[in-house]
Every structure is written in structure tokens, then in C-alpha cells.
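Read the structure below first, then the notes.
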């Protein structure tokens with residue numbers, strides 16, 4: 001299965017694609033960020049994020065998309081920008097009929113390090129090891145996107161089976 005992980009943000013939106021599956025070691029397909037200038041208007045920045053994610057969807061052809069859930073922060077402007085960029089990714093995936101997994105930072109950390117309280121250095125170290133990379137992906141947004149993709153690769157299929165077995169059938 002090929003998964004696109006999206007670490008949403010307006011200044012830097014991390015994107016990472018991995019391939020893998022049950023009993024198959026995950027490997028890196030592509031990793032990077034979409035950058036927008038902090039001086040640009042929000043609408044312009046969201047369009048740039050949308051164009052960037054859309055290009056990644058075209059180029060890498062994922063089967064699923066994993067997006068970080070927004071969590072409360074002291075800076076409301078940061079929260080709003082993160083939520084807006086995440087919504088762009090969700091809409092683009094939905095328009096293509098791709099399943100979307102939403103994960104909290106602690107769920108992602110637990111999936112890749114075994115601890116929901118891991119710091120960025122621990123997450124980066126594990127991403128480097130799990131994907132057999134020679135160096136850690138930079139910036140941190142790119143590493144976080146790969147962590148999201150791995151989290152979905154490992155947890156997404158089980159969650160889908162659980163949802164389809166629940167009364168009322170599958171939901172998104």
C-alpha cells in the first residue's frame with residue numbers, strides 16, 4: 001500500500017510517501033515540503049498548499065492519505081493555519097476517492113517509537129531507522145509527514161476493518 005502523509009502547515013506543509021504492507025518492510029518513495037511565504041495572504045498560501053499537495057497526489061499516486069489532527073496550541077493563528085492546510089489535504093484526497101486517516105501527534109509518536117510522549121529527535125531517529133535512510137529527513141515537518149504515513153500504513157487497515165464490522169457499516 002502507498003500512503004501520503006501530510007503534516008499540515010501554512011509556512012511549511014510536510015509531505016511524505018511510503019510503500020509497504022503486512023510483512024513488507026516500508027520504504028521511502030518521496031519526502032519534502034510545500035513552502036509558502038509568511039507575508040502572503042492566507043488565501044494565496046492555501047492555494048499554494050493545495051497546488052503542492054495536488055502535484056504530489058498526481059506524481060506519487062497514493063492509495064490513502066494520513067493527516068495530522070489539529071491539537072490545541074496557545075497561538076490561535078497557528079492553529080487556524082494548520083487546520084486550514086489540513087482541510088485542504090482532506091478535500092483533495094476525498095475528491096479522488098482516497099481514504100483519509102486522521103491521527104493525533106501522540107498516536108503517531110506511539111506508532112513509530114512506542115511512546116506517545118516521544119520528542120521530535122526520537123521520532124526522526126526511528127523514521128530514519130524504519131525506512132533504512134542514511135540521514136534524517138529535514139525539515140522536521142518532512143519527518144513528521146513520513147511518521148504519519150507509517151502510522152496509517154500500520155494502523156489504517158485495522159481501523160478500516162473495525163469500522164466496517166461496527167453496526168451501521170463503514171464511515172469515513
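Cβ atoms here come from the backbone N, Cα and C positions, even for glycine.
Quantities reported herein were computed from a predicted structural model and do not represent experimental measurements.
Feature annotations, reproduced from Swiss-Prot:
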ACT_SITE  7  active site
BINDING   7, 141  Mg(2+) 1 binding site
ACT_SITE  68  active site
BINDING   68  Mg(2+) 2 binding site
ACT_SITE  141  active site
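In the shown protein chains, 23 other C-beta atoms lie within 10 A of the C-beta of residue 141 (Mg(2+) 1 binding site). If you measure from the Cα atom of residue 7 (active site) to that of residue 68 (active site), you get 6 Å. In the shown protein chains, 30 other C-beta atoms lie within 10 A of the C-beta of residue 7 (active site). Taking Cβ-Cβ distances under 8 Å and a sequence gap of 6 or more within the same chain, the neighbours of residue 68 (active site) are 6, 7, 8, 82, 86, 102, 103, 104, 105, 108, 144, 148.
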